[in-house]
Amino acid sequence: MNKVSNFTEGKIFSPLLKFVIPILMALFLQAMYGAVDLLIVGQFGNAADVSSVSTGSQVMMGVTSMITGLTMGITILIGQKLGEGKREEAGNVVGSGISIFAIISIILTVLVVTFASSIATFMHAPTEAFDSTVSYIKICAMGSVFVISYNVIGGVFRGIGDSKTPLITVGIACVVNIIGDLVFVGIFKMAAIGAAYATVMAQSTSVILSLLLIKKRGLPFDFSLKSIKFHKNLTTQIIKFGAPIALQDVLVNLSFLVIMMIGNSMGVVASAGIGVAEKLVGFIMLIPMAFAQAVSAFVAQNYGAKKYNRSKRVLIYSILASLCCGIVMFYITFFHGNLLSGIFSKDEAVILAAWDYMKAYGIDCLFTAIMFSMVGYFNGCGRTTFVMIQGIIGAFCVRIPVSFIMSKLEPVSLFNVGLATPMSTFVQIILCISYFVYLSNKLSKEDTCLEVKEQVQV
C-alpha cells in the first residue's frame, strides 16, 4: 500500500474499470449484510419478521449513507492533495478525519439508541413488527462505531487509489455475517434480533482486518498518532466537502423512508413488498454508485493537477459504461422482477407486490447511469454544495410529493408509487447538465488565465 495510483497520466477507460470493479464488489458484499439478514429471516420467519428487518435496515442504511457522504470529504481532499503533489498534507487529512468521526460516532450511537422507538413510530412500523423493529435498530446502532470506522478507512483507501483492500476485508466480513445469520436466526430462532447481532459482528470484523492490513503495509505518506488531531484548515475542508454530500444523502434517504412509511400504511404485504424491492434495488444501484465513487477519486486527482479536460473524459467514459450496465438491469428488473423477489420471500403476495414496485426502478436504472456519474464528477471537483441542492430538489420537490399523490389515486398501485423515483432522477439530470455547462465554461476560463500567466513568466 506504499504506492499511490496515479490517475492523472496515461489511459483512462481501462484504469477506470479496474478501479470500479473492486469498488462494485465491495459495495455488493457490504450490501449483503442487510440482504442476507432479509434473505435468511424470510426463509425462517414470517411477514412481520421480514417487515422488521426491512424497516430497520432501511433506517440503518440512511445512517450509513450519511457517514459515507461525510467520508467522501476525506476521499476528495486526499485525492486533490495527491494531485497537487502535496503528500505531506495527506497524512494530516487522515488525522483530522479520525478526530471528526470519533466525535460523530459517539453522538450518533447515543441519539439512535435513545430514539429507536420514536424512529420506528415515525416509520409507521406495523404493530405486529414494532418491537422487533426497535430491537433491530438499537442493536445495529450500538455497532455504528464499526460502520463509521470502516467508512473512514474506505475513504482513505479510495483517496490513494486502492479499491482492492476494502474488497478483501468486506469479503471476509460477509462470510462472518452469513455464518452469524445461520446460527442466530436459523438455529437459535432469534429472527430480527439475531440478524442484527450477526450484522454488527461482521462489521467489527471488517474494521479489525482493515487496521491489521494498514499496520502491516503502511500508508504511502507519513502518518502517526500525532497526526490525529484537528488540523484547522484541513478539518474545515473535510467538512466543507463532506457535509453537503452527507446532508443530501440523509434527506434523500429520508424521502425513501417516507415512501416506506406510505407502504407501511398500506398494510403488512405492501410494507414487506417494498422492503424486499428496496433491498433488491439496493443491489441494482450498486453499479452506478460504484462508478460515482470511482469518478470522484479519478476527478479529484485530475482536478488537483488542474487537468480539467481529462476530468471530463473520465465522466464521459463512466456514463457510457454505466449506461450499458443500466440497460441490462432495466431488462432484468422490469421483466423478471418476480424471480428476483422470490429470492427474498416465499410469500406469493409479497413477491408480486415487490415486482410491481420494482418495475418503476427498472426505468430508473437508465437515468441513474447518467446522474450518478455526473454527481461523482461534481464531488471530485469539490462542488458538493450543488450535489446537495440537486439531491434535495429531487427528493422533496418531486419524489415525496409524487409518491404521496400516487398513493391516493385509485386503484392504488405500488408501480405508480415507485414512479416517483425515476421522475425525480430525470429532473436531477436536467439540473446536473445545466450546472455542468456552467462549470465547464468557468474551468475553461481558469485554463486560459493559467496559460496567460505561464506565457508572461516565460
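In case you wondered, yes, glycine gets a Cβ from its N, Cα and C as well.
Given the structure is predicted, the values throughout are model-derived calculations rather than measurements.
Annotated features in TrEMBL:
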type     : residues : note
TRANSMEM : 12-33    : transmembrane segment
TRANSMEM : 59-79    : transmembrane segment
TRANSMEM : 100-123  : transmembrane segment
TRANSMEM : 135-153  : transmembrane segment
TRANSMEM : 165-188  : transmembrane segment
TRANSMEM : 194-214  : transmembrane segment
TRANSMEM : 250-274  : transmembrane segment
TRANSMEM : 280-303  : transmembrane segment
TRANSMEM : 315-337  : transmembrane segment
TRANSMEM : 357-378  : transmembrane segment
TRANSMEM : 385-406  : transmembrane segment
TRANSMEM : 412-438  : transmembrane segment
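Under 8 Å from some Cβ of the transmembrane segment (357-378) lie the Cβ atoms of residues 273-274, 277, 280-281, 284-285, 287-289, 291-296, 299, 311-312, 314-315, 318-319, 322-323, 325-327, 329-335, 337, 340-341, 384, 386-387, 390-391, 414-422, 425-426, 428-429, 432-433, 435-436, 439, all in the same chain and six or more residues away from its ends. Below 8 angstroms of C-beta separation, residues 5, 154, 158, 161, 163-164, 166-167, 170-171, 173-174, 177-178, 199, 202-203, 282-283, 286-287, 289-291, 293-295, 297-298, 310, 313-314, 317-318, 321 of the same chain, each at least six residues beyond the ends of the transmembrane segment (12-33), sit close to that stretch. The transmembrane segment (250-274) shares more Cβ pairs under 8 Å with 385-406 than with any other stretch in the list 59-79, 315-337, 385-406. Spatially, the transmembrane segment (280-303) is not adjacent to the transmembrane segment (385-406); fewer than three Cβ-Cβ distances between them are under 8 Å for residues at least 6 apart in sequence.
Within the same chain, residues 12-13, 16-17, 20, 277, 280-281, 284, 287-288, 291, 294-295, 299, 354-355, 358-359, 361-363, 365-366, 368-370, 372-374, 376-377 sit at least 6 positions outside the transmembrane segment (315-337) and bring their C-beta atoms closer than 8 Å to a C-beta of that stretch.
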